[in-house]
Structure formats: structure tokens, C-alpha cells
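Per TrEMBL, the features are as follows:
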ACT_SITE  His45  active site, proton acceptor
ACT_SITE  Glu72  active site, proton acceptor
ACT_SITE  His196  active site, proton donor
BINDING   Asn9, Arg20, Gly197, Gly218, His219  3-amino-2-oxopropyl phosphate binding site
BINDING   Asp11, His12, Arg47, His52, Thr102  1-deoxy-D-xylulose 5-phosphate binding site
SITE      Glu153  site 'Transition state stabilizer'
Amino acid sequence: MDRLRLGVNIDHVATIRNARGGDNPDPVRAAVMAQEAGADGITAHLREDRRHIRDQDMAAIAAAIDIPLNFEMAATDEMARIALATNPHAVCLVPERREERTTEGGLEVAGDANRLTSYIAPFRDAGARVSLFIAADEGQIEASARVGAAVVELHTGSYCDAVAEGRTEDAAVELERLIAGAAQAHDLGLEVHAGHGITYDSVAPLAAIPQVVELNIGHFIIGEAVFRGLHDAMGEMRRLMDLARRTT
Ligand SMILES: CC(=O)[C@@H](O)[C@H](O)COP(=O)(O)O
Ligand SMILES: NCC(=O)COP(=O)(O)O
């Protein structure tokens, strides 16, 4: 199997910065360090409420890195304007609710297919790969192919929560859902990514799904970097990913 790509999400460096205001710690520096430490891409989520990444961060990250930038955002007109001006390698459309603590559930694609088809078109024309952050649900996967996305990123949050909370039966059910979803998406011609809530404890079974070519991981890596540095935190994740890939 090909080497699995590791996209590092640096949102939560900005969360720490914003807790105090000012400029430190700088998410742009984190993006450059992650690149130096072997990240295959940088993911950043410009939320509508700007709770972590801000507009100027996105432009600065895009200018500072040489690896692909995956611009996560809600499918709004405001975000389309900003993202098209930033010219990212990829945009990943995610559902957003201001009251949520973190991204809950996947994007509703099946029920919003006409609007999303038109929304995606200018990104495709601009050469950006469009990814949809969805639950591993048959109808949403089928709709993602229909609206013209190139990529789906399967939401791994429920699986990772079950692993973290020791709910092994739930974890097994969620993992089966992700395995089936990855196969379906791949058969429909979609590139398959996965992400959300991934830790050292939950990464291996996800990395072993053969159709998954990229994992996007942020919160855990940034937290772990507090204790062991970004290079080591990423290195351990890389090691676990490569090991799982080799042993399948
Ligand atoms: C879509 C996704 O999974 C990430 O962008 C994540 O949402 C970032 O962290 P927050 O949800 O805490 O903003
Ligand atoms: N799209 C998922 C992502 O970028 C990382 O999510 P998390 O690891 O911060 O939960």
C-alpha cells in the first residue's frame, strides 16, 4: 500500500494564542515546523466565529509553506470569497454551528445537493480540490460523488470518542461503518481521507483502511507537542501510521 499522508491541523495553536490575545504562539510558525517535521499537508479551519484561525493566518500560512494547504470552512459566500483569494491546494467543506464545541457530525450533502453543486464549481475551475467532510453514511457518500467533489473526508469523531471512552463495542461498530464508507467512496471514484479526534490509541485501525490515503490530525498532536515537542509528537503518529499500514 502507498504511504499514508499525514495532514497536520494547526488550529489549536491559534486557540492558545487567542486565549490571551497578541501573537503567541503563532500558527504560521507551527505550520512551518510541521512541514519541517515531515507533514504532507497543513490543514486549517477558518471558522465563521474566528475562534482560532483568523483571515490573516490563512493568507500567511499559504505564503509560508510549500506543502498543500487544506482550507477547511463552512460552505458560505463569505468563505468562498476568502478561500478563492487564498488559492489553496484544497478546500474541505465542513458543517458548522457556532454553539458547538467542535465539529459535530458530517456535512449534509444529500439534502443540499443542488446548492453544493454550484458552490463547488468555482473551486474546481480555480484548480482547488474540493473535499466534503461527511459521516460514513451511504447516502452522503453517494451524494458527494454526484455534486462533483474530488475527495471525501470521513468524520472519525464517533469512533475516536468510543475508543477514548473504552466503549469497545461502539468503537467496533463505528470502525465497520468507516471501513464500508471508505470502500464505497473509493468505488465511486472519490479520494478518501479521514480525520477528527484521532489519537495514538485510535490511529492504527484507521491507518489500516486500504482506501484511506490521508489522515488529518490536529488537536491531539498539538496537545502532545506541549509535552514532547511538535517534531516528536508528529514522529510518533507517523510511526504508528506506517506500522499499521505495513502490517495490513
Ligand atoms: C473539521 C474538523 O474536524 C477540524 O477542523 C476541527 O473541527 C478543528 O477543531 P474545532 O472543531 O475545535 O474547531
Ligand atoms: N478534519 C479533521 C482535522 O483537521 C483534525 O481534527 P482534530 O484532530 O483537531 O480533531
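Glycine too: its Cβ is placed from the backbone N, Cα and C atoms.
Any TrEMBL annotation is an automated prediction that lacks curation.
Here the features listed in TrEMBL are painted onto the structure.
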residue : record                                      : contacts (Cβ under 8 Å, 6+ apart)
Asn9    : 3-amino-2-oxopropyl phosphate binding site  : Ile42, Thr43, Ala44, His45, Glu72, Gly195, Asn216, Ile217, Gly218, His219, Ile221, Ile222
Asp11   : 1-deoxy-D-xylulose 5-phosphate binding site : Pro27, Thr43, Ala44, His45, His52, Ile53, Gly218, His219, Ile222
Arg47   : 1-deoxy-D-xylulose 5-phosphate binding site : Ile53, Ala74, Glu96
Glu153  : site 'Transition state stabilizer'          : Cys92, Ser131, Leu132, Phe133, Ile134, His193, Ala194, Gly195, Glu214, Asn216
His196  : active site, proton donor                   : Thr102, Thr103, His155, Thr156, Gly157, Cys160, Asn216
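Residues Glu72, Thr102, His196, taken from the recorded positions Glu72, Thr102, His196, Gly197, are distinguished by a CB atom under 6 angstroms from ligand 1. The most densely surrounded of the binding-site residues Gly197, Gly218 is Gly218 (count of other Cβ atoms within 10 A of its Cβ). Cα-Cα distance from Arg20 (3-amino-2-oxopropyl phosphate binding site) to His12 (1-deoxy-D-xylulose 5-phosphate binding site): 13 Å (rounded to the nearest whole number).
Highlighted here are the binding-site residues (Asn9, Arg47, His52) whose C-beta falls below 6 Å from ligand 2: Asn9, in sequence order. Reduced to three states, the DSSP call for His219 (3-amino-2-oxopropyl phosphate binding site) is helix. The 1-deoxy-D-xylulose 5-phosphate site, placed at the center of the C-beta atoms of Asp11, His12, Arg47, His52, Thr102, has further neighbours from the same chain whose C-beta lies within 8 angstroms: Asn9, Ala14, Thr15, His45, Arg51, Ile53, Gly218, His219. In the structure as shown, the Cβ atom of His219 (3-amino-2-oxopropyl phosphate binding site) sits within 10 Å of 16 other Cβ atoms. Here the C-alpha separation of Gly197 (3-amino-2-oxopropyl phosphate binding site) and His12 (1-deoxy-D-xylulose 5-phosphate binding site) works out to 13 Å.
Around the Cβ of His52 (1-deoxy-D-xylulose 5-phosphate binding site), a 10 Å sphere holds 23 further Cβ atoms from the protein chains shown. Under 8 Å, Cβ to Cβ, and six or more positions away along its own chain, His12 (1-deoxy-D-xylulose 5-phosphate binding site) finds His52, Gly218, His219, Ile222, Gly223. Of all residue pairs in the 3-amino-2-oxopropyl phosphate-binding list (Asn9, Arg20, Gly197, Gly218, His219), the one with the greatest Cα separation is 25 Å apart. The DSSP secondary structure for His45 (active site, proton acceptor) is strand. Pairwise Cα distances among Asp11, His12, Arg47, His52, Thr102, the recorded 1-deoxy-D-xylulose 5-phosphate-binding residues, top out at 12 Å.
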